[in-house]
Amino acid sequence: MTEGVQNERTGYKRVMLKLGGEMFGGGAVGIDPDVVQNVARQIASVARTGAEIAVVIGGGNFFRGAQLQQRGLDRNRSDYMGMLGTVMNCLALQDFLEQEGIDCRVQTAINMAQVAEPYLPLRAKRHLEKGRVVIFGAGMGMPYFSTDTTAAQRALEIDCEVLLMAKAVDGVYDDDPRTNPDAQLFHQITPREVIEKGLKVADATAFSLCMDNKMPILVFNLLTEGNIARAVAGEQIGTLVQS
């Protein structure tokens with residue numbers, strides 16, 4: 001079942017794509033080359049249309065700082081371990097994008113001069129204007145900030161039009177669709193409705209950044225082939241969170 005206003009959407013010129021690290025592992029620890037290659041092919045097909053694409057990747061296929069903390073590790077140290085995991089994912093995606101013939105740059109919030117550029121928003125925007133895909137690694141470079149928050153902050157700083165949240169579900173539901181077959185998918189919803197209904201779109205800090213700065217969020221299913229292109233083109237997929 002579906003719910004929400006189904007307004008006509010228009011395509012986007014510059015987007016921020018947030019990818020969960022767990023997807024890169026294919027459900028296991030490490031990197032699944034087949035998954036990363038598939039994602040790279042989807043991004044490459046969109047980049048060839050002239051759309052400007054920035055990417056933030058999580059590191060959950062290697063480390064999750066909060067989970068490591070529960071096992072007794074220092075939270076600061078475990079968060080930095082997670083940041084290093086994101087960089088490994090960034091380099092893997094960069095390699096597969098270059099195999100597709102797409103010019104690509106990795107920028108990190110922690111200085112890693114031998115493998116990536118430092119995060120410089122003006123340089124990132126210039127790369128995008130030249131048709132390069134830009135991948136941001138190492139989160140915010142500080143503990144206690146998620147990669148969802150990184151994606152929201154970077155999207156605002158480099159003037160993206162929308163934050164595309166790639167998930168393993170079709171969008172935002174009023175209940176868990178895996179356990180409730182009658183769960184309703186929202187096609188479009190406002191940030192206020194998300195709060196009132198207690199729905200989960202992104203972590204609280206990321207969601208607040210987007211809401212306060214009127215940054216639309218599109219939650220969609222990455223596992224459906226071609227959905228990145230559909231999302232960038234503004235087709236009616238997933239859930240659009242917009243005032």
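Cβ from N, Cα, C; glycine included.
Feature annotations, courtesy of Swiss-Prot:
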BINDING   LYS18, LEU19, GLY20, GLY21, GLY60, ARG64, TYR173, ASP176  ATP binding site
BINDING   GLY59, ASP79, MET140, GLY141, MET142, PRO143, TYR144, PHE145, SER146, THR147  UMP binding site
Other CB atoms within 10 A, centred on TYR173 (ATP binding site): 21
Pairwise CA distance, TYR173 (ATP binding site) versus GLY59 (UMP binding site), rounded so that it is a whole Å: 25
Secondary structure at LEU19 (ATP binding site), reduced by DSSP to three states: strand
Listed binding-site residues LYS18, GLY20, GLY21, ASP176, filtered to Cα within 10 Å of GLY59 (UMP binding site): GLY20, GLY21
Nonlocal neighbours by CB distance (under 8 Å) for ASP176 (ATP binding site), same chain, sequence gap 6 or more: ALA183
Between MET142 (UMP binding site) and GLY60 (ATP binding site): CA-CA distance (Å): 16
